[in-house]
Amino acid sequence: MSASPRLSIDVAAAAAELLPGLRASPPLAHCITNSVVTGFTANVLLAIGAAPAMVDIIGESGMFAQIASGVLINLGTPTPEQRAASLEAADGATSAGTPWVLDPVAIGALPVRTELAAELVSRRPTAIRGNPSEILALAGLSAGGRGVDATDAPDAAIDAARSLAGRWGSTVAVSGEVDLITDGERLIRIANGDALLTRVTGGGCALGAVMAAFLGSARDTDIDVLTTVAAASLVYTVAAERAAATASGPGSFDVALLDALAALEPGDVIAAARVEEGAL
Amino acid sequence: MSASPRLSIDVAAAAAELLPGLRASPPLAHCITNSVVTGFTANVLLAIGAAPAMVDIIGESGMFAQIASGVLINLGTPTPEQRAASLEAADGATSAGTPWVLDPVAIGALPVRTELAAELVSRRPTAIRGNPSEILALAGLSAGGRGVDATDAPDAAIDAARSLAGRWGSTVAVSGEVDLITDGERLIRIANGDALLTRVTGGGCALGAVMAAFLGSARDTDIDVLTTVAAASLVYTVAAERAAATASGPGSFDVALLDALAALEPGDVIAAARVEEGAL
Amino acid sequence: MSASPRLSIDVAAAAAELLPGLRASPPLAHCITNSVVTGFTANVLLAIGAAPAMVDIIGESGMFAQIASGVLINLGTPTPEQRAASLEAADGATSAGTPWVLDPVAIGALPVRTELAAELVSRRPTAIRGNPSEILALAGLSAGGRGVDATDAPDAAIDAARSLAGRWGSTVAVSGEVDLITDGERLIRIANGDALLTRVTGGGCALGAVMAAFLGSARDTDIDVLTTVAAASLVYTVAAERAAATASGPGSFDVALLDALAALEPGDVIAAARVEEGAL
């Protein structure tokens, strides 16, 4: 991401450029994530071609964020050790210019992670990914959902996403039947994906890690953050569609998703993309 | 579970009533569980139609147990943080009337979890699930197994189960080739299931989570705790049988179990049920 | 492993002897491992016929290492609790004569685990398993890789492996396209395996657990440590080859690997073995 990033937001073309680049030079995706999805997240990253590293302890996460290509901080099961390591990682990433993604899982109703999310967002994450309830809660506009479920429709979170983007300079991705990605000025809608993503654990969490990997790869290109985050979402949701086409249920979907991510070609993404781009 | 619960223990009929109810209104299943099975447990809950949430830190688990539909406390890898969070959750569940399940994994030989299990059981869990060795150890009748293996036959644990049920008012489920469920007065035997459940990690642990979800759903019905716990076991073991019929080994069984749980219909459960009900 | 272990290192024959023995009398494989691979590791152990137990807390891991058949200490996500529990387990294993395996994941660049690995290796593990970068770092010959990736070729780690074996009396296994196993005098090369093992998380970590299980089983035989560690690698990599032959990608490979491990017969191992044995 150079000083004057490309303004075009042709998401499918960006995805088709980033995917082979990522595979040719695997970005080191540093994840601090929840205990439920660590294995699945690492497998998603490996499947797509990235190099995962789950470094989530005090004394290591800060320095590792400096050498990583991209960082994910996911608040799903924030132990005291992980909370301190998350702040350390955010500071390390910031000091080194490493792009980082905040996934504020289940904030709003749960006080410990809500406070942590507030501390983290003030460090200006490169991207924020969440369901509508979480984005509303992070913007201070809602008490949040009852857990990791989205209890609000994505469009209900557009104002919150704009507010977060404006305040912290972050690109904000709101997951839902149609994914919304905005930098506060432009808005991208991605209609790809499958409902089975909501029937497996980590369906959303792993996407945050993919975004961190793509942001790492995009550092070698002139593709901007908004487009990169959208490209990550597009690749992931197109793979999910292909997986769903062969799956018999959530178990076989998980397996097929990993296979589809590994097999996906740039042309597949371009052919399947259902992306709308416009002003916010 | 109303004040005068239905006395009938027609387990298959109860399962056939609870399963669509659960899917129509997904219970929030709050799990504090071990690091080995978190992902699989969440996937089992999602597959069956419930909403999992792994909230296992101090300062969140107690309040979350109050808003959850049902709670699982599994002692498989009890870090200090999880131990404190478990007591907090048990107290939160008790104060709010949330049903909760205790799974005393590998107690007996291992002192830290054995002491924790004693503290938890005195808080009167709605249900207790374990293998025979664990149930014997929890009742103080055995030094316990050498790990998560069942080293005693289920019938050897009947006296221990009766003792626990009488002392703490809990429904006790003993896993084995034939599952035993008792409230201290009535005894239900479920002969469904497959040996492959013992060849995958979390085969038993995830059942505890399913029990918590079913107990959450049953709060809207007049089905009693004993019947609900048995219905959860029946649904799970019937799905396991269907999965085993198509599996080539433990890996494909895990996948097929998730698919089978998602596809299972009430009529499937009724047709396959092998349940015996009687006095203890 | 008797006082005068067999000197022959016919690895395939040893594997063919150990595998049915392990299944007939499942070794209790005590694992302290990272949060990313706990579930997969337990499933690999169950698939091959061993009994996994993840006991990684202070106050339990030391005593459990004394009753376990074999112990794995993997440093992938070493929380303070796990670090203390690892030292406790190493001491317990040593005092009881339980064989134990050290997997120094991602040491070198990351200071906390690097210091812990130094403390552990001085306790003289029975076996050490790592990729070339980790073996080099443990021997003090390299700053280590950037994570769990192997950034050096296995042969580049031969001197480091010899040094570690000589200094600590450990058998050292270096993973790569060809696996190297040495006790400082003899060197075994195993050419089995598949690149898909590097596309799934835990592909290497689970092998460390399989080594611990095999070392536990070998205690009842006269097969020496070097041969046992090589036999574990051989069984695992032959199963990986069989899995890769049917897999469509990393997701289906993981599933097929578990199925293949459960189905593998001694004759399959002998027929597929590509093993070279010689002086170092």
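Using the three backbone atoms N, Cα and C, a Cβ is placed for every residue, glycine included.
Please treat TrEMBL annotations as automatic predictions, because they have not gone through curation.
Remember, it's a predicted structure, so these values are computed and weren't measured experimentally.
So that you can see what the record holds, here are the features copied from TrEMBL:
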- C:MET54, C:GLY202: substrate binding site (BINDING)
- C:ARG129, C:SER175: ATP binding site (BINDING)
Within reach of chain A, those binding-site residues of C:MET54, C:ARG129, C:SER175, C:GLY202, CB-CB under 8 Å: C:GLY202
Same chain, 6+ residues apart, C-beta under 8 Å of the C-beta of C:MET54 (substrate binding site), given in sequence order: C:CYS31, C:ILE32, C:THR33, C:THR38, C:THR41, C:ALA42
Whole-number Å value for how far C:SER175 (ATP binding site) lies from C:GLY202 (substrate binding site) (Cα to Cα): 13
Proximal to chain B - binding-site residues among C:ARG129, C:SER175, C:GLY202, CB under 8 Å: none
Chain-internal residues near C:ARG129 (ATP binding site), provided their CB is under 8 angstroms and they sit 6+ positions away: C:VAL101, C:LEU102, C:ASP103, C:VAL172, C:ALA173, C:SER175, C:GLY204, C:LEU207, C:GLY208, C:MET211, C:VAL229
Cβ neighbour count within 10 Å of C:GLY202 (substrate binding site): 27
DSSP-derived structure type at C:ARG129 (ATP binding site), helix or strand or else coil: strand
Mapped DSSP class for C:MET54 (substrate binding site), helix or strand or coil: coil
